[in-house]
Amino acid sequence: MLMRLLPLPSLTDGRPLGCCCTCQGSMKGDELKAQGPLPPQPLQGPLKGDKCEQPGLGPEPTAPQQHTEEEEALIEFHRSYRELFQFFCNNTTIHGAIRLVCSKHNRMKTAFWAVLWLCTFGMMYWQFALLFGEYFSYPVSLNINLNSDKLVFPAVTVCTLNPYRYKEIKEQLRELDRITQQTLFDLYNYNASSTLLAGARSRRSLADTLPYPLQRIPVQPEPRRARSSDPSSVRDNNPRVDRRDWRVGFQLCNQNKSDCFYQTSSSGVDGVREWYRFHYINILAQVADTSPRWEEETLGNFIFACRFNQAPCTQENYSHFHHPIYGNCYTFNNKNDSSLWMASMPGINNGLSLTLRTEQNDYIPLLSTVTGARVTVHGQDEPAFMDDGGFNLRPGVETSISMRKEALDRLGGSYGDCTQDGSDVPVQNLYPSKYTQQVCIHSCFQENMIKQCGCAYIFYPKPKGVEFCDYTNHSAWGYCYYKLQGAFSSDSLGCFNKCRKPCNVTIYKLSAGYSRWPSAASQDWIFQMLSLQNNYTISNKRNGVAKLNIYFKELNYRTNSESPSVTMVTLLSNLGSQWSLWFGSSVLSVVEMAEFMFDLLVITLLMLLRRFRSRYWSPGRGARAAREVACTPPPSLPSRFCAHSAFPTLTAPPPAYATLSACPPLQGLAGASSAACAPREP
């Protein structure tokens, strides 16, 4: 039996209104052709066998099967955590993950592999934490390189080691010497001059002449400490230097005399020198700004002979400056020279050789108690710090100084606390030179001196518009200075923390050798030649001259450079090694793990969003609800079969199916009329 289904208009939910079926039995082909096509029988129920059934009682017609491919979405997510975990374990390249799902019927194996996988995962990330901790600690490695080339000869500064009595302050220094001699007689009964006690002037109080006289200060006895049973408490091994009942010093007070203290020394010699130095600084400060220029002592009065690389020196090879304590200083091969000296050969004959005069005529004996000269070696663009890096030359001795150059390159930023040029240091550079740590420290002290005391210390440069300290204009500057010096020594000012080390440093390591010069056999003709050459008679031959040789011991110089111990490449290599060790995976496996975590996060957010919508939000009414109902596919059909896109929304009531009468029994297919199944009007 053949059945032909005639489609009818359907409702908005996608179900047909009805169908009419014609049953064909044993009709022959020619009869069917003669009869022609049967007209459709509307509103009739389908026939089952030779009977006509009511609409809706039979099975619903199914759509014709068509081989269509479902379109894949651009982004698809799994519906549950279980499905996501199952997919990840079955498809990942991480070793051991498949064991979590392949043995699901054996819970013991599954638990064993789960614990083993988690422990391995934890160990790997513990190693990761150690590697990241090492990387972010920014360790450095020191690389030592040995180079050989022509070297630039450093700058050499030589000072007379005693200030000269300049004409601007000669009278004031003479008065200070007279008062000092009177003080020595009063305190120690020392008579430096036979005429010191002549006249009543020597008997008057020193307070009438100087505001801060040197005096005896009684020492308070220290209280005895009770004996302790603690065996760790031992007797002080540093006994008091001065066991007398008094010390030598001078009193300093603040501006309103409300606070005073005594600046004392354990030695009488040190106390007298400190007191004389304090008043000498005041005298220098009074004339430092008014004097247009300190008179320069001629080079021949201090340096008898100068030779570099076996060639005589010229006036263009040195510059002069004055130091408050060390007197006239001369710098050879400084940055102001037209051409720098180059050392192409090592050895004593290829360096700087100086013959110095060390006699001290008309100098200040109370300010400097040593004889000779002072020398320091530094870079061309660095100032000469005679107090910090200099050393003394002994008269009657030839001092040979050999040098070795070393360069240090530090890493800045996160790898080290250094500065490239000092621009990021919160201290103004007061020196006309490049940044060094010593320059910064002295500038920091001068800044605090100006800020707290209102004047500048004469030993260091000062900014414009600031005057040097003296007790004529700043009566309490000594009190402020010594208080500030104590705070500076204990680093209470923070200068050592502010002044960072430079990243690039060039240093010269020095080693000295000494020999007697001139020898007893040659001293007569040498002194005679020096006297004739310089038009100067050396009174004390042995103590009147000294010789200095400075040269490179070798042209090989060492470069110490820092480099990161753990770079980004090293970190990635170590991370990859750990990942391969514990899981035997690659970078793509890491991407798979990241994808798994991303999917897990998205699924969690979608579930939370669905729960939020079901609890706090309900769909609208009317046509919107009708469209949602119409677009809801049956459970047996995929979601792409939606009727609202193909059929209009139902706006009229459905037909009255109760008015449709049943078809009468068919007598014969041959004489059946198409009108027999015609619908009746309601």
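Even glycines carry a Cβ here, placed using N, Cα and C.
Residues or ranges marked as topological domain 'Cytoplasmic' by Swiss-Prot: 1-111 (among others).
Sequence-distant contacts of the transmembrane segment (112-132), counting only residues of its own chain at least 6 positions beyond either end whose CB sits under 8 Å from a CB of the stretch, comprise 96-97, 99-100, 103, 571, 574-575, 578-579, 581-583. Look at Swiss-Prot and you will find 112-132 (among others) tagged as transmembrane segment, backed by sequence analysis.
If you look up Swiss-Prot, you'll see 133-586 marked as topological domain 'Extracellular', on the strength of similarity to another entry.
Here Swiss-Prot flags Cys159-Cys329 (among others) as disulfide bond. Cys329 (disulfide bond) carries a strand DSSP state (E or B). A simple way to gauge crowding: the CB of Cys329 (disulfide bond) has 24 other CB atoms within 10 angstroms, across all the protein chains here.
In the three-state DSSP reading, Asn191 (N-linked glycosylation site) counts as coil. Annotation comment: Swiss-Prot describes Asn191 (among others) as N-linked glycosylation site.
Among the features that Swiss-Prot reports, region 'Gating release of inhibition by proteolysis (GRIP)' is placed at 201-267.
Among the features that Swiss-Prot reports, disulfide bond is placed at Cys253-Cys260 (among others), with the record citing similarity to another entry. Secondary structure at Cys253 (disulfide bond), taken from DSSP and collapsed to helix, strand or coil, is strand.
The disulfide bond annotation in Swiss-Prot covers Cys306-Cys313 (among others) and rests on similarity to another entry. In the three-state DSSP classification, Cys306 (disulfide bond) falls within a strand.
Taken from Swiss-Prot, the feature disulfide bond covers Cys418-Cys503 (among others), and the record attributes it to similarity to another entry. Of all Cβ atoms in the protein chains displayed, 18 besides its own lie within 10 Å of the Cβ of Cys503 (disulfide bond).
For Cys440 (disulfide bond), the number of other Cβ atoms no farther than 10 Å from its own Cβ, over all displayed protein chains, is 26. Annotation comment: Swiss-Prot describes Cys440-Cys499 (among others) as disulfide bond, evidence class similarity to another entry.
Feature annotation from Swiss-Prot assigns disulfide bond to Cys440-Cys480 (among others). Taken residue by residue with DSSP, Cys440 (disulfide bond) is part of a helix.
If you look up Swiss-Prot, you'll see Cys444-Cys495 (among others) marked as disulfide bond. Taking a C-beta cut-off of under 8 Å and a sequence gap of six or more, Cys495 (disulfide bond) has these contacts in its own chain: Val427, Cys440, Ile441, Cys444, Phe445, Asn448, Phe488. DSSP gives Cys495 (disulfide bond) a helix state.
Look at Cys503 (disulfide bond): DSSP puts it in coil. Per Swiss-Prot, disulfide bond is recorded for Cys453-Cys503 (among others).
Around Cys453 (disulfide bond), the same-chain residues at least 6 positions away in sequence with a Cβ under 8 Å from its Cβ are Cys469, His474, Ala476, Trp477, Cys480, Tyr481, Leu484. Annotated disulfide bond per Swiss-Prot: Cys453-Cys480 (among others), in sequence order.
The Cβ of Cys455 (disulfide bond) has Met449, Val466, Glu467, Phe468, Cys469, Asp470, Asn473, His474, Trp477 as same-chain neighbours under 8 Å, each 6 or more residues away in sequence. A coil conformation is recorded for Cys455 (disulfide bond) in the three-state DSSP classification, outside any helix or strand. Marked as disulfide bond by Swiss-Prot: Cys455-Cys469 (among others).
The annotation N-linked glycosylation site is assigned in Swiss-Prot to Asn504 (among others) on the grounds of sequence analysis. Counting only same-chain residues at least 6 apart in sequence, those with a Cβ under 8 Å from the Cβ of Asn504 (N-linked glycosylation site) are Ala407, Leu408, Asp409, Arg410, Gln420.
Counting other Cβ atoms within 10 Å of each Cβ, the lowest count among the disulfide-bonded residues Cys159, Cys260, Cys306, Cys418 belongs to Cys260. For the pair formed by Cys253 (disulfide bond) and Cys329 (disulfide bond), distance between Cα atoms is given as 35 Å, rounded to the nearest Å.
For the transmembrane segment (587-607), same-chain residues at least 6 beyond its ends with a Cβ under 8 Å from one of its own Cβ atoms are 77-78, 80-81, 84, 88, 92-94, 576, 579.
Counting only residues at least six positions away in the same chain, the Cβ atoms of Cys306, Arg307, Phe332 sit under 8 Å from the Cβ of Cys313 (disulfide bond). Ranking the disulfide-bonded residues Cys253, Cys444, Cys469, Cys480, Cys499 by how many other Cβ atoms lie within 10 angstroms of each Cβ puts Cys253 at the bottom. In the set Cys159, Asn191, Cys260, Cys329, none of the recorded positions has a C-alpha within 10 Å of the C-alpha of Cys499 (disulfide bond).
Across the residues of the topological domain 'Cytoplasmic' (1-111), the predicted structure has a mean pLDDT of 57.
In three-state terms derived from DSSP, Cys480 (disulfide bond) belongs to a helical segment.
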